[in-house]
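Per TrEMBL, these features apply:
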{"type": "DOMAIN", "residues": "B:87-273", "note": "domain 'ABC transmembrane type-1'"}
{"type": "TRANSMEM", "residues": "B:21-43", "note": "transmembrane segment"}
{"type": "TRANSMEM", "residues": "B:87-110", "note": "transmembrane segment"}
{"type": "TRANSMEM", "residues": "B:122-142", "note": "transmembrane segment"}
{"type": "TRANSMEM", "residues": "B:148-165", "note": "transmembrane segment"}
{"type": "TRANSMEM", "residues": "B:212-232", "note": "transmembrane segment"}
{"type": "TRANSMEM", "residues": "B:252-276", "note": "transmembrane segment"}
Amino acid sequence: MKNKALKLTAAAASMLMLASCGSASGSMVEKPVMNLTDSTPAAAGELDTLKWSLYAEPYSLDYAYAFDYSDNQVLANICEPLLRLNPDLSVAPGLAAKWENPTPTTWVYTIRKNVKFHDGTTLTPKDVVASLNRHLDPEVGSSWYSAFANVKSIEATGKDQVTITTTKPDALLNESLSGAAGVIESAATLEKLGGDYGNASGGVNCTGPYQLDEWSSGEKLSLSSFDEYWDKDLAPKAKKLDFVVMTDPVARVNALKSGEIDGGWMIPSNAINELQATGTGQMYFGTNSAVSSLVVSNPEGPLGDARVREALVRSIDRNGLVMAAESGYATATDSLTAQGVWGQQPKKVQEAAFDQLNEYPYDLEKAKSLVKEAGAEGREITITTAPMGNNFNVVAQATAAAAESIGLKATIKTVTPNAYTALFSDPAAREGTDLFFTNWYLSVGNPLEMFSIMRTDDFSNYGGFSSPKYDKAVNQALFSEKPEGESKNLLEAQKILNEQLPWLPLYETPTTLWMSDRVTGTDVSVNYLYYPWAAQIGAK
Amino acid sequence: MSIQEAPRKAISRLSLHRTRWGLLISAIFVVVVILAAVFAPLVSPYPPAAVDLLNVNSAPSAAHLLGTDALGRDTLSRMIYGARTALYGPIFVILLSTILGVILGLWAGWAGGIIDAVITRIFDIVLAFPALLLAILAVALFGKGLTAPIIAMSIAYTPYIGRLTRQLVSGEKNRQYVSAYQVQGFAPGWIATRAVMPNVLGVVGSQTTQNFGYVLVELAALSFLGLGIQAPAADWGNMINEGQSALVAGNFLPAMIPSLAVVLIVVAVNSIGGWLSDKLGDPFA
């Protein structure tokens, strides 16, 4: 018995020593190398089964509710939109072989011939009309309604033609149809499945390269290749595709390290070095449309004053935050739009969009003086967060510390992930919250999508930001019949957001992809949310 | 065996009190933790909330003896400040549950009959709910933090003390010194509180020491779940929770240090409680 105490002490000491060895790699002062790439080497052969990790189970495979990373990365391989989103975020023909814009308020889509649904039936304009009209149906309550806010009618206007008429010109509508908003489902299936459509028991019946075989809730979604897929260039190279739900990041990373799982998107940034060190696969970084920022949600609080918002941005060491929250795999930014979404603009505009920005370097003295000038010293802010990853925790606590350092009083309120999601849709859920963190991604390669949500009274303008000059610039870009000087308006909107900081920009993260040494083939871009990326993956 | 007894027995086995060295080490450890908690501002090398984003998850060094966490905060400083909440919560629960338990147990044991039956049944009902479950319910009703869990757990722990007190008082009631007081005309209340109660408090005291370990683990679990002390306050349960993210990067020190501290303080307190039981006599041994 006497030895027990000594053994316990010895064990504790050994564990501490072991732990300290393990933690040596944890400290990271230098920014790691992060080379962006568009694609991975093409696949050389076929696979029996491709196993892919999912950080969360999809909420639904109903395209009307597919509004998150976990839903869309699965759905993209089963269901297809009218148009395709390329890796560079440009738009190409998809289920619509071509499109025309004969008048500013009319979009005519020619539906591709001989496209089969997974049940063997053929795609018709009736399916397109039924699928798209669901977004206009208040009973459906589509998450993508805003993309159709200006739509007057969606009608079949020929045996292979569908026409969308809008109440006013809409610069984003056509591009929106390259995402989940443009997904086409069999009209007969929609009618047959009703409320079960898209859930684990009902499933879906679309035209994508993979078809859903089984959805075991909480475990995995099993897909198999669809032999009658219309695009022979994207014929699946893996016969079976299993999406394995692994919510625990440690388990997910270990499965990737061991090769038990072939790959995954959205790799936890603090695991990237660990994964790369294993040598069992390859880490890729690609284009993204997301900016991580702090949403200001209470215009009545101290952050209703632009000077306090600027002070808070200046009090956060965002380069340090990149290291702490994302292990260095991100870039600090002063813009609320990612560089990637400007890719379709002329080169000059792309450069001007970022060259013209005010910079907000880490400057505590300036930040304190701004708070003092605004008379906000001692005022309280509440930062709401959720246990949704290391970056959420680090951003919330670092922001609270920064706020305290400039004379504000900060409280962190931790809520459940579901309650956190409600912040984005329910004004009541935002009551008592001044700030919350988001990694806001755009569904199209156009900064207008971001600018449109910051207009006065827009649904996602959570902080009630309002600027007539800004609204005018964005509306001109969105609705003008011939949007002369669209670039000028985009630059104007970018500049105003940068000056007014309705949300506080933190950093841009790349799209991250890990693939084991066994597989290769897909592009590396945020378009994986809407493009049938898994069909490209095969054996090395 | 009830659902609650299994973990309670497992925790109570974490004890070194049967060896002299074990007891000495336990006592020293408890004293060190108490002193660290009391003099935290004096002995802590850094403020517990001081963030250093360019020095996150660093290994132990001369500047940071136990390394840093995911925000570059000094782990040793947070452990020292975390000792305050680690001790503060259990102390309140033990005080409240002991006061309530002794009063109710004394009343039930001394009065007997219907009063005894009613109080005992109430104890049985409360014992049917695990303390942690009651604490989570209290958080759901009254919000996060320490206050609601402390009240809920005080209620949950009252029957342990109450049943023990009742059993001891029932035994004492039939002893000759009690009859002597009664013959001399002392009031029943006086005999119960002035003559009987002092004779049972020693054993009750050793039981409360054992309960301290259970409460500490359960409050740490509550913080680990994000329902107890809220960030950025330093708390061992919180630190274990936050340290989990570093596990992905293969760095287990931020989670392991507070975990180890919880285990060691429970072992140490149990050892002292076990020694007290041996000295004072455990009626259930």
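Every residue gets a Cβ built from N, Cα and C, even glycine.
Three or more CB pairs closer than 8 A are found between the transmembrane segment (B:87-110) and the transmembrane segment (B:148-165), so contact between the two stretches is assigned (pairs 6 or more residues apart). Here the transmembrane segment (B:252-276) has long-range neighbours at 11-12, 14-18, 22-23, 25-27, 29-30, 33, 57, 59-60, 66-67, 69-70, 75, 79, 82-83, 86, 205-207, 209-210, 212-213, 216-217, 220, 236-237, 239-240, 242-244, 246, meaning same-chain residues at least 6 beyond its ends whose C-beta is under 8 angstroms from one of its own.
Residues of the same chain lying 6 or more positions beyond the ends of the transmembrane segment (B:122-142) and with a Cβ under 8 Å from any Cβ of it are 2-4, 104, 148-149, 151-153, 155-160, 162-163, 214-215, 218-219, 221-222, 225, 227-228.
Proximity of distant same-chain residues to the transmembrane segment (B:148-165), defined by a Cβ-Cβ separation under 8 Å and at least 6 residues beyond the stretch ends, is recorded for 89, 92-94, 96-98, 100-102, 104-106, 108-109, 119-120, 122-124, 126-127, 129-131, 134-135, 137-139, 141-142, 200, 203-204, 207-208, 211, 214-215, 218-219, 222, 227-228, 283.
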